[in-house]
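Undergrad: Okay, these came from TrEMBL:
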ACT_SITE  Cys21  active site, nucleophile
BINDING   Cys263, Cys409, Cys460, Cys463  [4Fe-4S] cluster binding site
BINDING   Ser310, Asp372, Asp373  Mg(2+) binding site
DOMAIN    21-248  domain 'Glutamine amidotransferase type-2'
Amino acid sequence: MQNDGRLTHVLDPEDKGQDECGVFGVWAPGEDVASLTYFGLYALQHRGQESAGIATSNGKQILIYKDMGLVSQVFNEDHLHPLTGHIAVGHVRYATTGKSHWQNAQPTLGPTPFGTVALGHNGNLINTQALMAKVRDDAGEDLTGELGRGSSTDTAVITALLGAADNYDSLEEAALGILPALKGAFTLVFMDEGTLYAARDPYGFRPLVLGRLSAGWVVASETAALDIIGATFVREIEPGELLIINEAGPRSVRFADATPKGCIFEYVYLARPDTKIAGRGVNASRNEMGRALAREHPVDADIVIATPDSGTPAAIGYAQESGIPYAQGLVKNAYVGRTFIQPTQTMRQLGIRLKLNPMREVIEGKRIVVVDDSIVRGNTQRALVRMLREAGAAEIHVRISSPPVEWPCYFGIDFATRAELIASGLNVDEICQSIGADTLGFISPEGMIAATTIPESKLCTACFSGKYPIPVDHAKVAAGLDPAVEE
Ligand code: SF4
């Protein structure tokens, strides 16, 4: 990502926490598993836009294709056709650890004492360096798999640990032995030549669900991916659970006790609105966040508009609760993905307009409430307020359906460092001034949590509260070390 503030708007239009990855797996004899995975990844594209990959197995050998870019840019019929078999694992990636280059694309592939493993990971480990030291102890300098090919991710380290597991009798046993040593957030979908596996860390930071096809089974980051391929939702993979899927169907074993701490940011921004997490619809949560925001921060205004698309359900909730009409004030270019083309100087000056453009006839002369889901660095909101003023808004009242983000995430969301988070240095009035709004209101932590209907004790809220479910050492991070606190 570029450091220049405006350039960031163009290259990384969200200017907010980016989720690391989406994972998908299928076990379905007689089905075109590569195509099912392609469409599953298509549904999960919002979770990662830097690279995409699919591995398949016919029971004897694993084939893999992956590359940089969106799912639709990486795959065509010619790539999918050779990916035959009845098992598949797929992945879309946004880099949080390791650079954004081909070697770090997933699924990772590596040899093990029991065959080959292809693995996709959503999350972020906080003890990667310690695990890497263990890999070097076990395997020496002769690294295999993606590590040997120059990958630098925590995912490659997990794959290497499985590869060096010659003191176990099977991949299942190796996974049960290794998973408890991983610290942090990990939602894994992996396979060897004959079996599909899915695992979720004991906190269940990231979602993972099991679905049923007429001819088999599916695991996916979000329920929306099940809907899109016609699978029915069966249940969530439990925190601390390893699921093994083969001819005998799914079999569950535990590698740790569950201590659920689902990421609340999934409800705020990350997950698709048509996904359900822990039985709660994401759209309903966002809508309720907007309603709570209207109760907590009312204002006299003519229209409520959203920053599309992630702010839309909360903006509708704000409008419903306040009685102020909802209007479409901004048009989003739905086709802006991640571009690797450097913008021209003129485009840099246009800022976020590549993605959002105001509807002058809706905005001119109006007192506007604009609802967004979060403020991370504040760059997008500053540019947005300027854009709305240029379009003739009489007043601009910014309402945010999450509290100020004051702390970094070490569990799979690529927020800025603490110093770059606008709310870590400024209070609400100062942020309001910095982005140039007339007024600014954030939902309270209590309001946000209540809107999910999930008990606070089962949620991670660390980026808002600083209360990390797993102890972390910020000083170690500043020194370039893993955040994990030594035990
Ligand atoms: S720190 Fe924030 S973004 Fe990260 S897992 Fe916790 S709630 Fe989610």
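Every residue, even glycine, has its Cβ placed from backbone N, Cα and C.
Worth saying up front: this structure is predicted, and the values here are computed from it rather than measured.
Map the listed features onto the structure and describe their local environment.
TA: Cys21 (active site, nucleophile) is surrounded by 26 other CB atoms, counting those within 10 A of its CB over all protein chains shown.
Classification of Cys460 ([4Fe-4S] cluster binding site) by DSSP places it within a strand. The Cβ neighbour count for Cys460 ([4Fe-4S] cluster binding site), using a 10 Å radius over every protein chain in view, is 24.
Every protein chain shown contributes to the tally, and the Cβ of Asp372 (Mg(2+) binding site) ends up with 22 other Cβ atoms within 10 Å.
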Undergrad: In the three-state scheme derived from DSSP, which category covers Cys263 ([4Fe-4S] cluster binding site)?
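TA: Cys263 ([4Fe-4S] cluster binding site) sits in a strand per DSSP.
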Undergrad: Please work out the mean pLDDT for the residues of the domain 'Glutamine amidotransferase type-2' (21-248).
TA: 92
Undergrad: Cβ within 8 Å of the [4Fe-4S] cluster site centroid (Cys263, Cys409, Cys460, Cys463 excluded): which residues?
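TA: Going along the sequence, the neighbours appear as Phe205, Ile264, Phe265, Phe411, Gly412, Ile413, Thr461, Ala462.
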Undergrad: Can you count the other CB atoms that lie within 10 A of the CB of Cys463 ([4Fe-4S] cluster binding site)?
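TA: Other Cβ atoms within 10 Å of Cys463 ([4Fe-4S] cluster binding site): 28.
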Undergrad: Taking the Cα atoms as reference points, how far is Cys463 ([4Fe-4S] cluster binding site) from Cys21 (active site, nucleophile) in Å?
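TA: Distance between the two Cα atoms comes out at 19 Å.
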Undergrad: Let me spell it out: for each of the binding-site residues (Cys263, Cys409), count the other Cβ atoms within 10 Å of that residue's Cβ, using every protein chain shown. Which one has the most?
TA: Cys263
Undergrad: List, in residue order, those recorded positions out of Cys21, Ser310, Asp372, Asp373 with a Cβ under 6 Å from any atom belonging to ligand 1.
TA: none
Undergrad: Which one of these binding-site residues, Ser310, Asp373, has the sparsest Cβ neighbourhood, judged by other Cβ atoms within 10 angstroms?
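TA: Taking Ser310, Asp373 as the binding-site residues, the minimal 10 Å Cβ count falls on Ser310.
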